[in-house]
Amino acid sequence: MTKLDRTKFTKEVTVPSVEILSKNVGKSMSVFKKYLLKMEKLKPVTEVQGNDEKRKLLLDPILFETLDKLREDDQQKLSELDINKNCFSNSCLHLEYHNFRMDDIFKAVLPEGKEGCTSYSRIGHIIHLNLRDHLLPYKNLIGEVLVDKLIGVKTVVNKSSAIDSTYRNFQMEVLAGEADFVTEVKENMCTFKFDFSQVYWNSRLCTEHERIIKLLPQKSVLFDVFAGVGPFSIPAAKVRKCRVFANDLNPSSYHWLKENVRLNKVENVETFNLDGRQFIREQMPPFLLTRPTEPIHVTMNLPALAVEFLDAFIGLLSGVELDPLLDITVHVYSFCEESSAFSEMRTKVESALKHSIEDEQIVELVDVRDVSPKKHMLRLSFRIPPDVLTKAAEEETSSEPKRLKLDLETQDR
């Protein structure tokens with residue numbers, strides 16, 4: 001079946017059942033609960049026609065065979081409730097499409113022996129699929145079933161192209177429902193509104209977003225280089241009371257980032273629509289050359305390219321004597337091969353910075369998620385070596401480097 005025909009699921013079936021006194025239903029559940037027939041929009045405990053004192057329990061024919069096949073202790077419990085073999089019979093049920101669970105429908109119509117539709121992401125009222133080739137002939141059927149069976153779902157889309165590394169969006173095909181891509185998601189005590197067809201959002205990163213927010217000290221400073229619609233920036237400002245500088249190159253992401261600042265009523269967020277490298281080199285130095293006693297964190301969640309932007313930190317404070325040293329922690333993401341993920345990640349970062357990272361400068365190295373069997377998304381959180389920030393100044397030999405002491409007592413913000 002490649003086109004959903006709901007009438008094919010109409011059938012008459014016979015299932016085992018047992019009639020017991022209404023007052024004993026609760027007591028009998030210690031035995032019967034695991035055998036109850038579980039189908040959608042079908043109550044497994046029903047009235048007995050013409051007898052108000054009894055109830056009928058519908059049992060799953062796959063799980064329940066006969067009374068004498070039960071364990072002896074269960075038989076004893078039922079005997080004490082006057083439930084014997086004469087209480088059991090078969091009941092005829094009329095089932096339709098709405099009675100079957102989503103998994104049962106997929107099992108009935110999708111190719112046998114191959115992986116079914118086992119995973120999807122939900123973004124508000126939208127279901128996002130990334131179907132394998134063998135499921136593509138069934139894509140519209142799959143979409144219709146998801147709309148039918150998942151409460152609140154209005155739109156089902158399938159990814160039809162790779163993620164664009166510039167704006168981090170991708171082409172999608174509507175499989176079922178409305179072509180309505182503006183949705184809302186709640187995450188980390190914040191509400192995010194955006195057009196899913198124009199921005200990047202991955203619900204599977206919810207746990208990682210939460211991990212980063214918990215790493216941020218109260219009232220610290222966050223520079224979010226690839227902010228998207230704000231999954232790091234908004235909760236950092238709202239929950240951790242951080243001062244946030246949030247940037248994204250994608251005009252649509254920038255639009256919804258500003259909207260989410262407004263929607264969540266956070267006032268300590270400044271938004272930018274710049275290239276990531278430009279954002280680092282133009283927006284960080286003016287702040288760093290004040291008196292930033294607060295810890296400073298930098299998030300760089302663009303796994304395909306983020307490491308390449310680390311060179312923006314080289315010479316960021318050229319000619320500046322850092323006194324005291326700045327506390328800057330960078331959280332950078334990248335894709336790595338499974339076999340050498342951790343060593344590969346560290347090597348990538350050190351190569352981009354043109355500087356080694358000491359073990360004590362590494363905060364943590366986290367395997368965020370499996371992208372594919374051999375490809376992992378990793379995050380390296382590290383304290384940036386001060387020599388990286390002043391490197392260009394150190395390489396100057398023709399003249400005395402400019403010295404600018406960060407005097408915390410006298411210098412104004």
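Including glycine, each Cβ sits where the backbone N, Cα and C put it.
For 120-386, the entry in TrEMBL reads domain 'SAM-dependent methyltransferase TRM5/TYW2-type'.
Cβ environment of ASN301 (S-adenosyl-L-methionine binding site): LEU205, PHE226, GLY228, PHE232, HIS331, TYR333 lie under 8 Å away, each six or more residues apart in the same chain. As annotated by TrEMBL, S-adenosyl-L-methionine binding site applies to HIS209, ASP248, LEU249, ASP275, GLY276, ASN301.
The region 'Disordered' feature in TrEMBL is assigned to 392-413.
Annotation source TrEMBL lists compositional bias 'Basic and acidic residues' at 399-413.
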Item to check | Among ASP248, ASP275, the one of these binding-site residues whose Cβ has the fewest neighbouring Cβ atoms within 10 Å | outcome: ASP275
Checklist entry - Looking at Cβ-Cβ distances, which residues of the chain lie under 8 angstroms from HIS209 (S-adenosyl-L-methionine binding site) while being 6 or more apart from it? => result GLU187, ASN188, PRO231, PHE232, PRO235
Checklist entry - Other than its own, how many Cβ atoms are within 10 Å of the Cβ belonging to LEU249 (S-adenosyl-L-methionine binding site)? => result 20
